[in-house]
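Listed features, source Swiss-Prot:
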{"type": "ACT_SITE", "residues": "Glu120", "note": "active site, proton acceptor"}
{"type": "ACT_SITE", "residues": "Cys372", "note": "active site, S-methylcysteine intermediate"}
{"type": "BINDING", "residues": "Cys140, Cys144, Cys147", "note": "[4Fe-4S] cluster binding site"}
{"type": "DISULFID", "residues": "Cys133-Cys372", "note": "disulfide bond"}
{"type": "DOMAIN", "residues": "126-369", "note": "domain 'Radical SAM core'"}
Amino acid sequence: MAEGGVPLEKTAIGTYVPPAKPSLIGLSRAEMAERLAAIGIPREQRRMRVQQLWHWMYVRGARTFAEMTSVSKDMRAELEKHVTLDRPEVVAEQISSDGTRKWLLRLPSGDDLEKPHEVECVYIPETDRGTLCVSSQVGCTLNCSFCHTGTQRLVRNLTAGEIVGQIMVARDRLNDWADRETPHGNRLVTNIVMMGMGEPLYNFDAVRDGLLIVADNEGIGISKRRITLSTSGVVPNIVRAGEEIGVMLAISLHAVRDELRDELVPLNRKYPIAELMQACRDYPAASNAKRITFEYVMLKGVNDSLDDARRLVKLLNGIHAKINLIPFNPWPGTRYECSDWDQIEKFSEYVFNAGYSSPVRTPRGRDILAACGQLKSETEKLSARERQALRAMAMTD
């Protein structure tokens, strides 16, 4: 049981039921060696075989064992009998006018009678980087009032393999794997943000295990300084994340008064602002070079006054911090509006003059509901025929 009140491997709603023939994706080296032992690979070969598999899976992006030409034919046949390299299935892809891509990914439900479980993953290309926004849960339990994902019930946690699988799907779709022509070439996916569907720190073990695989420099190899974990404030797991994962930290703050944050981010009722700020001060990976990002969505007439800006500066005193100001991205049925641009600039200027970096995030992918706070698995509501139509669309891409 997580200290925040939600089990780490089993949610209050549903559980993950592994397939009869499991995927190797998401296993640590030790777990992969155990899997090889279970299918009869001799002890003296396991370390070498794990290294071979790791390279083919996470450097070359192999989708089948047949591609692994440095592995013996007999070994490939044995692997094919017992395990897979399956990643999430792309159900649909949308491409924004600004180049942002959103993938709807299908996951095993664990029950043939259930609708397939689906999450969304977003790729945001920029001139100097390519950022992938990754989900940690199917749905969300936090019910943040301004967030579209919060209107979808929590279904279950993702596994480490499903988290790593999102990065692999993105590299598949973008043709972003190393090959003979580009063994060390620039990659399109350079940064990872755990800012998709779900609260990462309510799925701590899977998020930790997945991100450590993503950061492994003998595989996918994305530096921990290019990976950001965003939390709404699961205080007991914040310091633990710094100790066991060591990536960059972002806090979904959005308010500087408990009474307002209780409404915007209901988790605040359990872990109020003072406790959250202390956890940030204690975060072991924070420094002037590795500042904590505080995300602050700009809501017209709600949290965007200069008094709010003054309180924010006072609140962050003594924390290595930067502030991301996020223009609110509307979604169907919301009661909030985005702050006027003039007010956003005044807020940003006040925070900047107080000594904090305060960039205003450029909205990306709004036209395909891929921007911050807009993600939701709309197919949770679709009929089987409609889901089949979406899958057919994806296969023709």
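Each Cβ is built from the backbone N, Cα and C atoms, and glycine gets one as well.
On the structure: features taken from Swiss-Prot.
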residue : record                        : Cβ within 10 Å
Glu120  : active site, proton acceptor  : 27
Cys133  : disulfide bond                : 28
Cys140  : [4Fe-4S] cluster binding site : 26
Cys144  : [4Fe-4S] cluster binding site : 23
Cys147  : [4Fe-4S] cluster binding site : 26
For the residue listed as 'active site, proton acceptor', name the DSSP secondary structure in the helix/strand/coil scheme. strand
Among the recorded positions listed as Glu120, Cys140, Cys144, Cys147, the Cα nearest the Cα of Cys133 (disulfide bond) belongs to Glu120
Please report how many Å separate the Cα atom of Cys144 ([4Fe-4S] cluster binding site) from that of Glu120 (active site, proton acceptor), as a whole number. 18
Tell me the Cα distance separating Cys140 ([4Fe-4S] cluster binding site) from Glu120 (active site, proton acceptor), rounded to the nearest angstrom. 12
Reading the DSSP string in three states, the entry for Cys147 ([4Fe-4S] cluster binding site) is coil
Average model confidence [pLDDT] within the domain 'Radical SAM core' (126-369): 92
In three-state terms from DSSP, label Cys140 ([4Fe-4S] cluster binding site) for me. coil
